[in-house]
Amino acid sequence: MYDIKKWRHIFKLDPAKHISDDDLDAICMSQTDAIMIGGTDDVTEDNVIHLMSRIRRYPLPLVLEISNIESVMPGFDFYFVPTVLNSTDVAFHNGTLLEALKTYGHSIDFEEVIFEGYVVCNADSKVAKHTKANTDLTTEDLEAYAQMVNHMYRLPVMYIEYSGIYGDVSKVQAVSEHLTETQLFYGGGISSEQQATEMAAIADTIIVGDIIYKDIKKALKTVKIKESSK
C-alpha cells in the first residue's frame with residue numbers, strides 16, 4: 001500500500017480531455033508521485049476505463065477522484081471522495097458517498113478510500129457552478145473550515161481548489177497553519193515551476209492539471225518541486 005502522506009506532487013488528468021501517447025508517457029515517467037483521474041463533467045465509465053488502461057502500464061499509484069457513481073470501477077489504488085464543505089447543496093456534502101455506500105458498501109476496501117474536505121474557491125469554475133459552492137470566503141472562513149476538517153471531522157485530506165486560476169497564497173498559508181493532522185492539497189492554476197515552488201512551500205501536496213493540456217513542458221517542470229522539501 002502506498003503512503004499518500006509522502007506525496008508532494010500529483011498530476012490530475014481529465015478523462016474527458018484528449019492527451020497524446022507521447023504526452024501521457026512524459027507525464028507518467030516524470031517522477032510525479034501519483035496520477036489522479038478526475039473531472040467535473042463528461043466523466044463516464046468508458047472514458048475512465050480508457051484512460052486507466054493507458055496509465056496502468058506505468059508503475060506509479062493511480063487514483064480515481066469520484067465525481068459520479070457511474071464511473072466508479074475496480075482497478076485503482078485509491079478512491080478519493082470529495083465532500084464540498086462550502087456547497088449549498090447537501091448532495092455534495094455526502095450525497096456521492098451515500099450512493100457509493102448503497103451501491104458498493106458490501107465490497108468497499110476502506111483502506112483504499114480517502115475522504116477529502118473540499119473547499120472550492122473560484123466562483124467562475126465549472127466545479128463551483130456544478131456544486132453550487134459559496135466561494136465568497138474570507139480568510140477567517142477558510143481557517144474555520146480548516147479547524148472543522150482537522151479537529152472535528154478529522155478528515156485525512158483538505159483540498160483547497162481554485163480550479164483554473166492561481167490561488168491566494170496568503171489564504172492557503174492561513175489554512176496550512178490550522179492543519180496539524182490533516183494533509184493539505186492545493187490545486188488550481190499552477191502553470192510554472194515558480195508557482196509550483198511557491199505553493200509547495202505551503203501545501204503538503206500540489207495538484208497540477210490544466211497546464212498539462214496547454215503546455216506539457218511547463219507541466220513537467222512543476223515536478224522539480226520534489227527536489228526540495230517543505
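Note that Cβ sites are derived from N, Cα and C of the backbone, with glycine treated the same way.
Small disclaimer: the values here were computed from a predicted structure and weren't measured.
Its Cβ placed at the centre, K12 (sn-glycerol 1-phosphate binding site) has 18 other Cβ atoms within 10 Å. In the three-state DSSP assignment, the secondary structure recorded for K12 (sn-glycerol 1-phosphate binding site) is strand. According to Swiss-Prot, the feature sn-glycerol 1-phosphate binding site maps to K12, Y159, I160, E161, Y162, S163, G164, G189, G209, D210.
Other Cβ atoms within 10 Å of the Cβ of T40 (Mg(2+) binding site) number 16 in total over all chains. Taken from Swiss-Prot, the feature Mg(2+) binding site applies to D14, T40, supported by sequence analysis.
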List every residue in the same chain as I160 (sn-glycerol 1-phosphate binding site), at least 6 positions away in sequence, whose Cβ is under 8 Å from its Cβ. V119, C121, L142, G167, K171, V172, V175, L184, F185, Y186, G187, G188, A203
Among G164, G209, all listed as binding-site residues, which has the most CB atoms within 10 Å of its CB? G209
Assigned conformation of I160 (sn-glycerol 1-phosphate binding site) - DSSP reduced to three states: strand
Lowest 10 Å Cβ neighbour count of the binding-site residues D14, Y162 is held by D14
Same chain, not part of K12, Y159, I160, E161, Y162, S163, G164, G189, G209, D210: whose C-beta falls within 8 angstroms of the C-beta centre of the sn-glycerol 1-phosphate site? Give them in sequence order. N122, S125, G167, Y186, G187, G188, I190, I207
Quick one: Cα separation, D14 (Mg(2+) binding site) versus G164 (sn-glycerol 1-phosphate binding site), in Å? 13
